[in-house]
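Here it is: the structure, laid out below.
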Amino acid sequence: MPASLPTPAAPAQDARRGVLAIPAFRKLWNSMLFSSLGDWLGLLATTALAQQLSGGSYATANFAIAGVFIARLLPAVFLGPIAGVIADRFDRRRLMVSVDLMRAGLYISIPIVHTYFWLYTAMILVECLTLFWSPAKEASVPNLVPRDKLENANQVSLLAAYGTAPIAAILFSLLTLLSGAIAAISPLLPSNSVDIALYINALSFLFAAWTIRGLKEIPKGSASKSNKDENVGQSLIQGWKAVSESKIIRGLIIGMVGAFSAAGAVIGLARTFVGDLGGGDAAYGVLFGSVFTGLAIGIAFGPKVFAQFSRRRLFGAALTTSGVFLVLLALISNLVLSVFIVAILGAFSGIAWVTGFTMLGMEVTDDVRGRTFAFVQSLIRITLVAVLAIAPIIAATIGEHRYEFQTIVLNYNGAQITILIAGLIAVLIGSVSYHQMKDRPTVSLWSDILAALQGELGAITGAQAKGIFIAFEGGEGTGKSTQSQLLAKWLEQEGETVVLSREPGGTDLGKDLRKILLGHETGIISPRAEALLYAADRAHHVFSVIRPGLDRGDVVITDRYFDSSAAYQGAGRVLNPSEVARISRWATESLYPTLTILIDVPAEIGLGRLQSRDRLEAEPTEFHERVRQEFLQIAMMDPERYFVVDGTQTVEEIQTQIIARVAELPALKRNADEPKKKRFRK
Ligand SMILES: Nc1ncnc2c1ncn2[C@@H]1O[C@H](COP(=O)(O)OP(=O)(O)O)[C@@H](O)[C@H]1O
Ligand SMILES: Cc1cn([C@H]2C[C@H](O)[C@@H](COP(=O)(O)OP(=O)(O)O)O2)c(=O)[nH]c1=O
């Protein structure tokens with residue numbers, strides 16, 4: 001064994017608890033919690049106010065509500081990047097405190113002035129102020145939290161930002177129900193729930209100002225330089241360059257934009273939709289709350305429930321499902337049912353959202369990750385603005401309709417019909433991205449779902465590695481050793497650093513295991529013990545040879561990898577191949593090869609090429625034929641990652657075909673400066 005083992009970073013498990021234990025960060029977090037709660041309440045109140053001000057006109061109400069959302073999003077699109085740069089010039093603590101005080105003032109003024117003009121002006125001003133507040137906060141967090149806890153700080157910040165939405169919705173509904181009682185306590189108190197919500201919002205900002213004032217831990221003076229000075233246009237162009245060449249990433253982004261358009265349509269139309277069904281502000285609050293509750297449930301539990309499911313499939317499927325529920329929402333004119341439908345819809349969108357972001361993080365290489373995320377975020381903002389502007393216009397144009405079929409009367413209004421259209425679009429986009437990213441075309445979705453529920457499948461997307469990982473698979477005497485050596489030679493000529501290894505026996509420990517596994521003197525090993533011994537060899541091989549090689553950016557070639565276990569111990573020894581595969585996934589932490597080359601030869605021919613036979617080679621021909629069929633089936637399930645070559649050809653013919661396939665791998669040095677379009681062709 002090598003004297004020192006490489007130490008890949010251990011998964012951080014208990015860090016989340018840690019970050020809130022830091023008193024200064026906890027204070028900041030508390031203030032964020034209150035101001036987001038206030039902010040959501042303010043959003044609900046302002047949209048409700050826009051509807052109140054419309055004086056009952058359907059079209060005006062739709063436009064007015066759209067106006068609120070657009071007013072909130074536009075400043076970010078145009079001012080975002082500049083605000084970050086300006087914010088960096090001021091003392092952060094003072095900036096945050098002043099901004100919070102001003103936001104509180106603006107929110108108090110909205111119900112007092114009580115006009116459309118001031119509602120929008122105030123919203124835009126609040127948003128502009130927030131654009132200065134956020135970068136100042138972002139820049140302060142690293143002062144309060146050690147580096148290794150930053151990611152957790154982000155997680156809990158997100159929790160504060162979005163987790164408060166359902167609470168705000170519940171609060172808003174309660175306020176609507178209790179507003180009469182509140183007014184009865186004293187004539188001095190406001191009687192309108194919208195006004196009360198806005199005052200509470202103002203209070204939450206005052207509280208935040210007070211908390212931050214006491215945060216002496218934030219160093220005085222301006223923040224160090226920020227790298228966010230790209231404007232939206234630039235980040236869009238740069239980001240598109242980075243992502244446009246990969247089919248999977250394209251599918252992902254199309255899907256995420258689709259998800260947000262559908263969500264935008266629901267959010268923008270929710271108030272009028274509720275009104276159409278005879279509900280008021282309280283019902284609006286409940287509906288809004290159930291979307292976010294669903295979202296939170298989807299985000300928190302989706303990945304756990306579907307842990308074994310291919311993420312790529314899950315993403316498209318979840319998106320399509322939310323589209324279907326959107327269609328249902330539009331068709332069923334019942335307020336109570338809507339609340340449930342919207343919660344399920346939210347849950348599936350939440351699943352699509354987390355899997356989308358997780359995959360984006362995995363599929364995109366380190367150097368362009370920041371740019372890609374900036375790109376996706378800009379794209380999402382712009383889509384939201386567009387959808388929030390367009391959806392109500394469509395709804396207003398469609399107007400109110402009443403259909404009578406003999407005794408049945410159906411009322412379908414603009415909001416419902418627009419939601420129906422949004423649902424159909426979501427279904428369409430969901431299935432497009434499902435097909436763009438399908439990773440097992442021959443396996444039906446249902447069998448995939450069933451298998452996932454039984455815990456038999458692995459998520460196809462393991463952690464991203466830097467180098468290229470190629471595995472050779474096939475039966476006995478198929479020419480794996482011959483071809484892997486030839487390929488290694490060719491790659492070295494191409495300027496790659498190559499690590500050529502094999503299983504079993506790619507490590508010192510593995511050599512001993514190989515002796516046990518293949519020596520005739522071992523005698524019979526129980527099939528499960530045999531599977532575990534191969535897995536042990538593999539785990540150590542990945543840990544000490546393959547991973548380190550990939551981390552260095554090398555090309556790692558292995559003669560046999562985990563499909564050998566599924567084929568030999570599974571199909572050959574008649575264990576369940578997917579159970580055996582599960583052990584391998586655990587052993588390798590789901591490290592999948594970039595490309596697996598399967599050399600296929602009828603068992604008899606391969607065995608005929610051997611000089612002498614080891615323990616496994618001595619098995620009867622039927623055993624080896626089962627092994628061969630299993631290999632072929634595995635390869636068929638994922639044609640993008642498997643290359644099957646006919647091993648009965650000459651050594652040279654096989655080599656030519658293998659090289660042609662490997663030469664396409666985008667990460668090869670020789671492809672680095674080639675026109676990018678060709679690189680991701682199937
Ligand atoms: N395409 C081929 N046609 C005929 N014989 C081959 C071919 N490829 C390899 N061989 C021979 O078959 C035997 C087994 O090849 P090897 O590369 O060791 O296979 P594996 O590693 O799959 O067991 C060797 O004697 C090799 O020379
Ligand atoms: C990697 C692996 C190999 N094996 C078997 C297949 C082979 O018979 C043997 C390894 O032999 P191998 O090194 O491939 O020898 P050869 O070069 O002669 O083909 O171990 C398994 O049964 N399960 C596994 O997971």
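Cβ coordinates come from backbone N, Cα and C, glycine included.
Curation does not apply to TrEMBL; its annotations are automatic.
Model, not experiment: these values are computed from the prediction.
Below are the features listed in TrEMBL for this protein:
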type: BINDING; residues: Gly474, Gly475, Glu476, Gly477, Thr478, Gly479, Lys480, Ser481; note: ATP binding site
type: DOMAIN; residues: 472-658; note: domain 'Thymidylate kinase-like'
type: TRANSMEM; residues: 32-51; note: transmembrane segment
type: TRANSMEM; residues: 63-87; note: transmembrane segment
type: TRANSMEM; residues: 156-184; note: transmembrane segment
type: TRANSMEM; residues: 248-270; note: transmembrane segment
type: TRANSMEM; residues: 282-302; note: transmembrane segment
type: TRANSMEM; residues: 314-333; note: transmembrane segment
type: TRANSMEM; residues: 339-360; note: transmembrane segment
type: TRANSMEM; residues: 372-395; note: transmembrane segment
type: TRANSMEM; residues: 415-434; note: transmembrane segment
Which sequence-distant residues neighbour the transmembrane segment (339-360)? Criterion: at least 6 residues beyond either end, Cβ under 8 Å.
248-249, 252-253, 255-256, 259, 262-263, 266, 286-287, 290-299, 302-303, 306, 311-312, 314-315, 318-319, 321-322, 325-326, 328-329, 332, 372-373, 376, 430, 461
Where's the emptiest Cβ shell within 10 Å among the binding-site residues Thr478, Ser481?
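It is Ser481 that, of the binding-site residues Thr478, Ser481, has the fewest other Cβ atoms within 10 Å.
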Using the Cβ center of Gly474, Gly475, Glu476, Gly477, Thr478, Gly479, Lys480, Ser481 as the ATP site position, which other residues in that chain lie within 8 Å, going by their Cβ?
Ile599, Val601, Gly606, Arg609, Gly647
Output the single range from 156-184, 248-270, 282-302, 314-333, 372-395 maximising the number of Cβ pairs under 8 Å to the transmembrane segment (63-87).
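Looking only at 156-184, 248-270, 282-302, 314-333, 372-395, the most contacts with the transmembrane segment (63-87) come from 372-395.
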As a test: from 32-51, 248-270, 314-333, 415-434, pick the stretch that has the greatest number of Cβ pairs under 8 Å with the transmembrane segment (372-395).
248-270
Answer yes if the transmembrane segment (156-184) and the transmembrane segment (248-270) have at least three CB pairs under 8 Å among residue pairs 6 or more apart in sequence, and no otherwise.
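Contact absent: fewer than 3 Cβ pairs fall under 8 Å.
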Among Gly474, Thr478, Gly479, which binding-site residues lie by ligand 2, judged by Cβ under 6 Å to any atom?
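Not one meets the Cβ criterion.
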For Lys480 (ATP binding site), what residues in its own chain, 6 or more apart in sequence, show a Cβ-Cβ distance under 8 Å?
Phe472, Glu473, Gly474, Asp559, Arg560, Ile599
Could you check whether the transmembrane segment (32-51) packs against the transmembrane segment (282-302) - three or more CB pairs closer than 8 Å, residues at least 6 apart in sequence?
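Yes, since the transmembrane segment (32-51) and the transmembrane segment (282-302) share at least 3 Cβ pairs closer than 8 Å, they count as touching.
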For the domain 'Thymidylate kinase-like' (472-658), provide the mean pLDDT of the predicted model.
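Value for the domain 'Thymidylate kinase-like' (472-658), mean pLDDT as a whole number: 91.
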Which of these binding-site residues has the least crowded Cβ, counting other Cβ atoms within 10 Å: Gly475, Gly479?
Gly479
List the same-chain residues at least 6 positions away in sequence whose Cβ sits under 8 Å from the Cβ of Glu476 (ATP binding site), in sequence order, or say none.
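In sequence order, the residues whose Cβ lies under 8 Å from that of Glu476 (ATP binding site) (at least 6 apart) are Ala603, Gly606, Leu607, Leu610, Leu616, Glu617, His624.
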Using DSSP with the three-state reduction, classify Gly479 (ATP binding site) as helix, strand or coil.
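Reduced to three states, the DSSP call for Gly479 (ATP binding site) is coil.
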Mind checking which of Gly474, Gly477 has the fewest other CB atoms within 10 A of its CB? They're the binding-site residues.
Gly477
